[in-house]
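Engineer: Got a structure for you, questions after.
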Amino acid sequence: MNKRNNFKSGIAAAAFMLAASAFYGCNSGAASEQTLPIYGERETVERTVDGKTIVDTIYHHIPDFAFVDQDSQVVTQETVNGKIYVTDFFFTSCPTICPKMKSQMLRIYEAYKDNPNVVLLSHSIDPTHDTVAVLKDYADRLGIESGKWHLLTGEKDSIYDIAMKYLVPAQQDGNVEGGFTHGGDFMLIDTQRRIRGHYDGTKEESVDQLMQDMQLLLKEQNHDTK
Amino acid sequence: MTQNKLTAVVLGAFALTTLSQCFTKKKDEGKRLYEQHCQSCHMEDGSGLKGLIPPLASADFLQTNRNNLPCIVRKGMSGTVTVNGVEYNKEMPGVESLRDDQITNLLNYIHTNFGNNNERYTMPEVEKLLQACPRALN
């Protein structure tokens, strides 16, 4: 049984390596520039242009949204239009992983506060408690500006729905400390609102990676607009 | 014969576990408890989080509130608190499950790390302080 498992995982590893090397082979030809993956489901759509069939790939993307930030400003897809953004889910009275996530998000904030192409969105999963006033106090104590880092509240259902679109776990749970469970995930979103990276917001190394990936993504987007 | 063997194995295992008890890092208990119960808010270096969570590193509060600390760890605290001249106002949950000896180890770890160099607690001292905890600090 054990041997068989070993054998199986051996094959899997070999297959993976083969795939990886094949992938690497393709990539190295293209200007030696790394690109970030695009996460989520995708579908292909065929359309006909001038009698020829063209296949388009439609990627998973974040739908339109409308929330309110710590300054009572409405934040929508327009707010992030043409920008890349990092997003997470938290709540201000969270006794577990949130402080660490916020200390890591602060690093990103400090690094990108003068870059107009980057925005940070932190959604509260306890919007009944986390009113604009509560978020305002939280932001002031963190010493952050809302133009760059929006702490969001809104309809509870909309927030939990959009968490699903970001592929991030979030749910109300009376059995855990604080009353909510959520991941410590940071998601990196591109200008087309596609998910391009997934990181552990409680780990410094993972956030280091995120900041490197942001550079890559900014370069890519810069390229696209030219 | 087989039973003898079994006894020998059981005795051997028992001796090993007993022995290994002597080598467990008991002195690291404070550190372990800190990582488990405190670190996610007060951070690895005890620096806290800006104006939200007070620091433990070089914190005057540890000295000025020495006698309240055991109860704060067990029962938590709420309301405003001033640490190193900055006012904080965020509820801290208590950890009711910690025994008196664990609280002693935890506090001594905090008092002798993060740039703190305060007098250590003895267990009788902590026991006495804990007996006088208010029922609920909230």
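Cβ atoms are placed via backbone N, Cα and C, with glycine included.
Because TrEMBL annotations are produced automatically, they should be read as predictions rather than curated entries.
So TrEMBL lists these for the protein:
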SIGNAL    A:1-24  signal peptide
DOMAIN    A:56-219  domain 'Thioredoxin'
DISULFID  A:Cys94-A:Cys98  disulfide bond
BINDING   A:Cys94, A:Cys98, A:His182  Cu cation binding site
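Describe the structural context of each listed feature in the structure shown, including burial, neighbouring residues and relevant distances.
Structural biologist: Cβ contacts within 10 Å of A:Cys94 (disulfide bond), excluding its own Cβ and spanning all protein chains shown: 21.
Listed in sequence order, A:Phe90, A:Phe91, A:Thr92 are the same-chain residues at least 6 apart in sequence whose CB falls under 8 Å from the CB of A:Cys98 (disulfide bond). Taken residue by residue with DSSP, A:Cys98 (disulfide bond) is part of a helix.
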Engineer: Sequence gap of 6 or more, Cβ distance under 8 Å: name the residues on the same chain that satisfy this around A:His182 (Cu cation binding site), in order along the sequence.
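Structural biologist: Set apart from A:His182 (Cu cation binding site) by at least 6 residues yet with Cβ under 8 Å, we have A:Phe89, A:Phe90, A:Phe91, A:Ile125, A:Ala163, A:Val168, A:Pro169, A:Ala170, A:Gln171.
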Engineer: From the centroid of the CB atoms of A:Cys94, A:Cys98, A:His182, the recorded Cu cation site, which same-chain residues not already listed sit within 8 A by their CB, in sequence order?
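Structural biologist: After dropping the recorded site residues, what remains is A:Phe89, A:Phe90, A:Phe91, A:Thr96, A:Ile97, A:Met101, A:Ile125, A:Gly178, A:Phe180, A:Gly184.
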